[in-house]
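What TrEMBL says about this one:
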- ASP109: active site, proton acceptor (ACT_SITE)
- ASP6, CYS7, GLY8, ASN9, THR10, ASN11, THR12, VAL13, THR132: ATP binding site (BINDING)
- GLY107, PRO108, ASP109, ARG110, THR184: substrate binding site (BINDING)
- ASP129: K(+) binding site (BINDING)
Amino acid sequence: MLLAIDCGNTNTVFSIWNGERFLCTLRTSTEHQRTADQYYVWLSTLLAHHRIPMDIDAVIISSTVPRVVFNLRVLSDRYFNCRPLVVGKPECLLPQVPRVDEGTQVGPDRLVNTAGAFDRYGGDLIVIDFGTATTFDVVAQDGAYVGGVISPGVNLSLQALHEMAAALPHVDVTRPQKVIGTNTVACMQSGVFWGYIGLVREVCDRIRGEYDRDMRIISTGGLAPLFAQGDTLYDHFDEFLTIHGLRVIHDHNKALGNP
Ligand SMILES: Nc1ncnc2c1ncn2[C@@H]1O[C@H](COP(=O)(O)OP(=O)(O)OP(=O)(O)O)[C@@H](O)[C@H]1O
Ligand SMILES: CC(C)(CO)[C@@H](O)C(=O)NCCC(=O)O
Ligand SMILES: [K+]
């Protein structure tokens with residue numbers, strides 16, 4: 001079975017693929033101090049709880065936090081006796097080579113989203129991922145990542161207001177009934193919620209203006225459904241896009257006999 005690990009700046013998702021489907025998706029916060037032994041205790045407890053056997057023989061990792069990769073490699077070596085594929089490392093082959101400025105390191109999560117989205121939806125896409133940052137990835141007709149946009153994430157924007165402005169409390173994002181807030185919390189929620197709707201619309205419109213073909217918009221990430229405006233903002237929401245992309249990249253490497 002394949003263990004796919006998607007490590008973001010806030011959360012890390014582990015998912016087990018049995019050759020036919022993902023059996024479970026487990027989430028933990030990202031902490032670079034966590035050791036291989038700690039990951040193993042956590043993972044084995046939850047897999048036992050879900051009655052999933054631990055016969056993992058392949059591991060693929062995408063990490064936006066370089067420091068956590070070391071301990072995840074040790075986890076693979078020590079407990080699953082395999083060398084993991086790490087997206088973004090030269091030894092991990094991608095279905096399509098990104099077309100970006102020379103020397104640019106594209107975030108591995110964006111490469112994975114691109115591969116997953118192209119496999120499911122074909123080319124000419126804007127992929128929006130509402131994670132720690134909100135990213136827009138442009139997927140060309142042939143499936144290559146050809147650039148995009150990075151904006152501050154929804155929760156990050158709210159956190160920044162709270163941390164930098166003495167009178168602003170911590171608030172959770174929600175869809176306010178009205179735009180004109182009549183208390184501090186309502187004003188902050190309005191600013192972030194409607195500001196984000198505007199951000200997504202404007203960025204997508206401008207990407208479409210620069211790109212010379214029709215494009216579809218695919219969204220992923222826990223907060224994407226909150227920002228759906230009926231069917232006007234995105235064409236599809238795909239909760240498991242990143243984990244699917246990890247499987248696509250794993251299969252691509254396996255088909256080529258790598259490693
Ligand atoms: N309806 C909701 N309202 C508020 N928060 C939500 C809702 N649904 C999901 N979330 C939260 O949204 C966040 C987005 O999760 P997601 O996995 O997409 O990104 P992340 O883990 O925050 O970022 P990264 O992948 O960069 O670590 C999570 O903190 C999740 O708990
Ligand atoms: C933008 C984030 C933080 C989104 O998770 C990640 O993809 C990243 O660290 N990217 C590196 C820079 C880039 O993608 O151009
Ligand atoms: K993510």
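Glycine is no exception: its Cβ is also placed from the backbone N, Cα and C atoms.
Nobody curates TrEMBL annotations by hand; they come from automatic prediction.
Neighbour density for THR10 (ATP binding site): within 10 A of its CB lie 16 other CB atoms from the protein chains shown.
Between the alpha carbons (Cα) of THR12 (ATP binding site) and ASP129 (K(+) binding site) lies a span of roughly 15 Å.
Taking all protein chains in view, 27 other C-beta atoms sit within 10 angstroms of the C-beta of ASP129 (K(+) binding site). In the vicinity of ligand 2, defined as a Cβ distance under 6 Å, the following of the recorded positions ASP6, THR12, GLY107, ASP109, ARG110 are placed: GLY107, ASP109, ARG110. Shown in sequence order, THR30, THR64, VAL65, GLY131 are the same-chain residues outside ASP6, CYS7, GLY8, ASN9, THR10, ASN11, THR12, VAL13, THR132 whose Cβ sits within 8 Å of the Cβ centre of the ATP site. Here the CA atom of THR10 (ATP binding site) lies 26 Å from the CA atom of THR184 (substrate binding site).
In the three-state DSSP scheme, ASP6 (ATP binding site) falls into the strand class. In this structure, the residue listed as 'active site, proton acceptor' is part of a helix by DSSP. Every protein chain shown contributes to the tally, and the Cβ of THR132 (ATP binding site) ends up with 20 other Cβ atoms within 10 Å.
Less than 6 Å separates the Cβ from ligand 3 in the case of none of the binding-site residues THR10, THR12, PRO108, ARG110, THR132.
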